[in-house]
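Trainee: I'd like to ask some things about the structure below.
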Amino acid sequence: MGPLQFRDVAIEFSLEEWHCLDTAQRNLYRNVMLENYRNLVFLGIVVSKPDLITCLEQGKKPLTMKKHEMVANPSVTCSHFARDLWPEQSIKDSFQKVTLRRYENYGHDNLQFKKGCESVDECKVHKRGYNGLNQYLTTTQSKIFQCDKYVKVIHKFSNSNRHKIRHTGKKPFKCIECGKAFNQSSTLTTHKKIHTGEKPFKCEECGKAFNWSSHLTTHKRIHTGEKRYKCEDCGKAFSRFSYLTAHKIIHSGEKPYKCEECGKAFKRSSNLTTHKIIHTGEKPYKCEECGKAFKRSSILTAHKIIHSGEKPYKCEECGKAFKHPSVLTTHKRIHTGEKPYKCEECGRAFKYFSSLTTHKIIHSGEKPYKCEECGKAFNWSSHLTTHKRIHTGEKPYKCEECGEAFKYSSSLTTHKIIHTGQQPFKCEECGKAFKCFSILTTHKRIHTGEKPYKCEECGKAFNSSSHLTAHKRIHTGEKPYKCERCGKAFKRSFILTRHKRIHTGEKPYKCEECGKGFKCPSTLTTHKVIHTGEKL
């Protein structure tokens with residue numbers, strides 16, 4: 001009899017038999033076959049990976065392949081299963097029968113069965129291989145041992161104790177580098193790649209390398225777009241089984257992972273692990289390029305792209321590339337119009353979660369961002385940043401055409417239209433055109449009579465928020481616009497602008513009739529009456 005091969009321990013099912021198995025039994029079969037293969041590899045028996053194993057590793061049904069492709073050589077189809085009931089023990093028993101039948105096929109001269117001892121330890125006389133079925137297996141080359149808990153095959157092993165270590169919890173294989181222990185030497189070998197940085201499994205599509213073949217298999221789905229794991233609840237599909245498992249918690253609402261420090265609960269163990277770093281302040285993930293440390297490996301991975309400049313995630317719609325997949329996902333909503341983040345208060349939907357978070361402040365009335373200079377509070381940090389420019393006089397937005405600077409980017413955008421003369425926003429009611437959409441929106445309220453901005457102090461309403469803001473200063477007495485030349489303060493910015501012309505002598509409003517200049521548009525309007533003879 002030749003050496004034991006994978007085909008000697010492979011079990012195949014007919015289509016009818018496979019459909020009679022429930023999920024747990026199929027998982028048991030998958031685990032048994034994969035474990036058998038790993039044990040044979042560990043003992044140096046299997047040279048090339050059988051297609052059946054590749055199939056099982058990828059989560060495919062064994063029946064999707066031709067039988068001769070699965071195990072390299074024709075194998076015996078198991079027919080020892082009852083059609084109505086397929087208990088775990090039946091799979092074990094069938095496995096034993098198939099294995100023994102394999103050896104019987106090699107000839108009875110090399111395979112003899114004898115009754116006798118109850119266990120390997122009791123056998124002092126025969127000193128031969130014990131197969132776990134109360135029988136001795138006499139052969140010059142091989143010994144088969146059957147594990148009490150699961151169906152496993154060990155070849156050319158002096159005893160089955162090394163396999164049983166898995167069930168005892170012992171971890172005899174220790175990493176010299178970091179001290180971590182394992183119950184299998186093969187697992188230790190795989191672990192060592194973390195320290196050596198070895199990445200032998202390379203993607204033929206993009207060249208990316210991985211420590212483990214399973215990671216490469218998973219990675220390939222990025223290129224193929226394959227999503228084999230489907231949620232039975234909502235139909236959503238995932239590229240990884242772990243993603244599906246994590247997703248299912250959304251439907252159950254379960255949060256089994258609780259922080260002992262603060263009691264906060266999480267849906268995923270990884271989220272709890274990440275959360276714990278808040279209490280410890282630990283930043284274990286360090287960038288080799290710049291030395292910056294991070295709490296999460298995912299943040300480090302994202303950070304590294306800054307140094308490489310790589311943008312691997314490309315939009316198929318417009319070709320725009322991004323550094324992170326999450327940014328690409330968000331970008332795609334521009335094309336699809338999808339708004340997945342909905343406000344429970346008013347039903348308004350948003351493309352971005354950050355926009356929803358910002359929007360919610362409207363309902364709460366919360367103004368957490370306070371100006372240290374004047375005490376004014378704002379809903380959003382961006383509004384506070386913009387407001388501070390009133391005090392600092394900063395004007396970061398400069399016009400390339402004429403050099404005029406502005407506090408707000410929107411003001412610069414509006415200003416640029418002066419140079420183009422363009423007025424793209426037209427009122428459908430009266431035909432009047434405007435440089436800015438916001439001005440058109442405000443203008444339309446003249447026709448509708450809408451005044452949505454109401455003063456809480458006196459009840460007066462306005463058609464624009466800027467008018468309400470200016471009005472409120474009557475009650476507060478606030479004069480935030482101060483002249484740097486003379487120190488005089490004003491309630492409105494346009495009054496300050498007009499005042500400054502006293503110091504500069506500027507007269508921008510010119511009469512087309514006689515060429516005379518004026519500081520204010522109202523003064524020019526009054527002057528024009530001289531030419532028209534109109535009585536105001």
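Backbone N, Cα and C atoms are what each Cβ position is placed from, and that goes for glycine too.
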Trainee: Taking 17-39, 132-154, 201-223 as the choices, which stretch does Swiss-Prot tie to zinc finger?
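Mentor: Based on what Swiss-Prot states, zinc finger spans 201-223.
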Trainee: Of the residue ranges 58-80, 173-195, which one carries the zinc finger annotation in Swiss-Prot?
Mentor: 173-195
Trainee: Take the zinc finger (369-391) and find every residue of the same chain, 6 or more past its ends, with a Cβ under 8 Å from one of its Cβ atoms.
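Mentor: For the zinc finger (369-391), the sequence-distant neighbours (Cβ-Cβ under 8 Å, at least 6 residues beyond its ends) are 358, 361-362, 407-408, 478, 480-481.
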Trainee: By DSSP, what is the split of the zinc finger (229-251) into helix, strand and coil residues?
Mentor: 11 helix, 4 strand, 8 coil
Trainee: Six or more residues out from either end of the zinc finger (341-363), which same-chain residues have a Cβ under 8 Å from its Cβ atoms?
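Mentor: Contacts of the zinc finger (341-363) (Cβ under 8 Å, skipping residues fewer than 6 from its ends): 330, 333-334, 379-380.
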Trainee: Near the zinc finger (509-531), which same-chain residues lie under 8 Å Cβ to Cβ, leaving out any that are not at least 6 residues past its ends?
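Mentor: That would be 498, 501-502.
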